[in-house]
Structures are given as structure tokens and as C-alpha cells.
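Following: one structure in C-alpha cells, then a few remarks.
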Amino acid sequence: MQDLLALDGVDLASVAAREGTPLHLYSATAIRQRIDGLQSALQGVDATICYAVKANGNHAILQLMAKSGVGADIVSAGELRRALRAGIAPSKIVFSGVGKREDEIAQALEAGIARFNVESRAELDLLQRLAHARGVVAHAAVRINPDVDAGTHAKISTGKSENKFGVAVAEARQWFTAQAQWPAVRLDGLHMHIGSQILELEPIRRALQRLARFWRELALAGHAIASIDVGGGLGVRYRQGERAIDAADYVAAIRDALAGFDGRIVLEPGRYLVAEAGLLLARVLHAKQGSERTFLVVDAAMNDLLRPSLYDAWHDIVRVGDDNGRTTTTYDVVGPVCETGDTFAVARGLPRCEAGDLLAILATGAYGASMASTYNSRPLAAEVLVEHGRYAVVRRRQTLDEMLAGEQAATHWETA
Ligand SMILES: *Cc1c(COP(=O)(O)O)cnc(C)c1O
């Protein structure tokens, strides 16, 4: 692998020395390139990109989205707050998720978001009740479960009939037929999201075709469909040799499947926009020679980046600096957390490393910091946005006091 010294013009060794490790970095330029690429591919299409906030909801990232005209796909009241605070217009916010709480729906109605992606009859009833009580009409899309295998990891597959997400076409058909039951809900959209980290167009095509077939059926039956939301899921390159789907090919597949549709197309990319723009810097604490393996113990852990533990996900790892003359050594790269699963890489070839060396774990911009926890009482890492040789801290490193705030002795006993 090529020597890695800088990200978006910022020297990695210097920023690590100044801000400490573990440290999440995101390149604003790389994120903008992804947005621009997708927006260019969508030229001439009536489309809204609603960035999936859960991929990385950092305020500065969301501001960058807002400034580029990108909306938000939210899954909680917390994400609604984040999107609004970053200046994303409510008219560009869609609300997804299988378990929206009453107070969350109420907040979204009060904010006047564009659309609810409804996943169950109970949710439809609740939306009716809450919209009616406020004297408003909520726009809703039915999330269809197209029953296709996205060909991705089981834990990030969402479009098979056994998954908890969406409803079968037969059920959705009933909702459209019985629409008058929900006068405070305008059911005029279709939605799907079949999974994440999809690297082949084929499952996407198949799902789009099923969605399109249903749209045509509804249109023939006289139901006006104003919006078709094709979800997210576009995969990214996590390891050398992997190839992400080209934005132009993806958009061509959408245009092809939805030819003749004259409403709005919504896209909900998360990972695609931010994953490859990010990296996680970690410092080597020491190399530990086990009886069978050599462990490289670093100061980042599964609480900073959960994907390897949760999904057996691969992230390329490089030693920051000049590798000249270093022999390649095989390491298990592990964090300090008391779990065997706290492992970033197994039997990975790296230039020989020693204590104090800096490693970059690549493509961590999505589902990195946003999935972080304080497990093992490790404060949340700092995050920085870098751009053209400068960087800004966009999340301070959490202090121990901040981490402990909210906990207290059991002095106020109540009965319930
Ligand atoms: C998670 C999610 C997305 C984004 O998925 P990516 O794989 O990050 O693109 C989009 N839509 C819905 C409904 C989701 O749950």
C-alpha cells in the first residue's frame, strides 16, 4: 500500500500529536466529491438526496450536507434535532424506522417534515391519530419489503421477507385500498431499503423492478404516487480490490426501472457519502508476542469503531509514515477492551511496528463515531473535519467528568 502521510492536506502525525488519539478524521473535500458525483448523475431527475444521518450525524457533517442541498433520512427524534440544528430544511427530511415512538412522530409533525416512511399498520393508525389531533395531513410512504437478498452481511440485510423491515406488497395494497380510513394521512409514496454495503447492482435492480411493478399497479388503480424512495445501501470500498457501484450506473438503474414515473425520487445514501472520507488514527501501545500470534495493541478499540466486532467487517489498516526498509510482519491488531472481539484485524501484514507508531484504520467515516460507546469507561474520541490543509475539531474529546455526568448515588428513593 502507498505511504500514507496526510488526509486532505493535513499531516496525520501532526494532527495526532496535537489532538491525541484515538481520533476520527473526515475529509470535507472527499464528502463533497461524493455528493457532487451523485448530484451530477441525477441531473435532469426530480430527485432529493436524503442523507441517512445514522451513518455519521456529526453537526459539521450535517452542515456540509445542508450547504450542498442534501436533506436527511432520520430514524429518531435525536436525529431530527441534529438535522434541524444543522440547517436542513424540514421539507427535505424523511423519517424511517420500524419503531417510531408517539413523541417522536409528534415532534416530526410539528417540525413539518416531508414524509414518514411507514412500516406497519399500527404506525399508520398512530400517524393518523397524531396528525388529526394537530389538524394536519401527514405525507406517508409505505416501506415495501421486496423480499430480495441484497447479497450483503446478514446483519445489514433488510429487504428479505424474514427481516423486521417494511411490509409485503399484499399488505401495502390493502392500505392503499382502505386509504379513506386514514384521512389525516396522505398515502402517496412508496419506499424501500434492502440493505447496506451493497456492491452489486443486480439485487438493487430486482428490488426496483418489484417496486416499479407495484407502482404501475397502483397507478392503474387510480392511486396517485407522488414519491418513490429507493432507500440507501450503496456500498463502498473497504479493501483494496473492492469496487463500489458507480453513481452513474446506479442512477441509470433507477431511471430504467422507474421510467415514466413523474413524481419525486428520493435517495437515502449514508455510507456512500461519508465512509471513504474518514479514517481513525490510533497509536500503537505495544507489540505483544503471544504463543501463537503477534498482537499489535493500539489505543483505539471496539467502542470507537464497532464494525469489525459487530459484522466481522474488514478495514484496511496502514502505518502512517515512511515504510522504507521495514519488513512486513503479520499482526492481529487489537484494542485494549476486555473482549476477544475487540479486534480490528487478524493476521494482517503490516510494516514492522513499535510502541508510539501511528496507524490509520481506513474508511471509517460511516458507522464509526456514530456507533461509538463508552464501553470499558473509555470516553468518546475526538472528531476533526479536514479540508485543504486545515482542520477543525468538530467534536471535542469527551472528558471523564462528561462521561460520568448523569450518574449519581442512590440517595433519592421513590416508590412507583
Ligand atoms: C441505514 C439506512 C439507510 C442508509 O444505509 P447506507 O447503507 O448507509 O446507505 C437508508 N435508509 C434507511 C431506511 C436506513 O435504515
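Heads up, the Cβ atoms here are built off N, Cα and C, so glycines get one too.
The domain 'Orn/DAP/Arg decarboxylase 2 N-terminal' annotation in TrEMBL covers 30-275.
Annotated N6-(pyridoxal phosphate)lysine per TrEMBL: LYS54, in sequence order. If you take the C-beta of LYS54 (N6-(pyridoxal phosphate)lysine) and look for same-chain residues 6 or more apart in sequence within under 8 angstroms, you find VAL75, GLU79, GLY270, TYR367, SER370.
Residues near PRO269 (pyridoxal 5'-phosphate binding site) in space but far in sequence (CB under 8 A, at least 6 apart, same chain), listed by position: LEU38, ILE49, TYR51, ALA52, GLY232, GLY233, LEU234. The pyridoxal 5'-phosphate binding site feature in TrEMBL is assigned to GLY233, GLU268, PRO269, GLY270, ARG271, TYR367.
According to its DSSP assignment, GLU339 (substrate binding site) is coil. Under the heading substrate binding site, TrEMBL lists ARG271, ARG307, TYR311, GLU339, TYR367.
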Comparing the binding-site residues GLY233, GLY270, which residue's C-beta has the most other C-beta atoms within 10 angstroms in this structure?
GLY233
Within the chain of ARG271 (pyridoxal 5'-phosphate binding site), which residues six or more apart in sequence place their C-beta under 8 angstroms from its C-beta?
ALA52, ALA55, SER196, GLN197, GLY232, LEU234, GLY235, VAL236, ALA366, TYR367
In Å, rounded, how far does the Cα of TYR311 (substrate binding site) sit from the Cα of GLU268 (pyridoxal 5'-phosphate binding site)?
22
Chain-internal residues near GLU268 (pyridoxal 5'-phosphate binding site), provided their CB is under 8 angstroms and they sit 6+ positions away:
ILE49, CYS50, TYR51, ALA52, ASP73, VAL94, SER96, HIS193, ASP229, VAL230, GLY231, GLY232
Across all chains shown, how many C-beta atoms besides its own are within 10 angstroms of the C-beta of ARG307 (substrate binding site)?
24
PLDDT averaged over the residues of the domain 'Orn/DAP/Arg decarboxylase 2 N-terminal' (30-275):
96
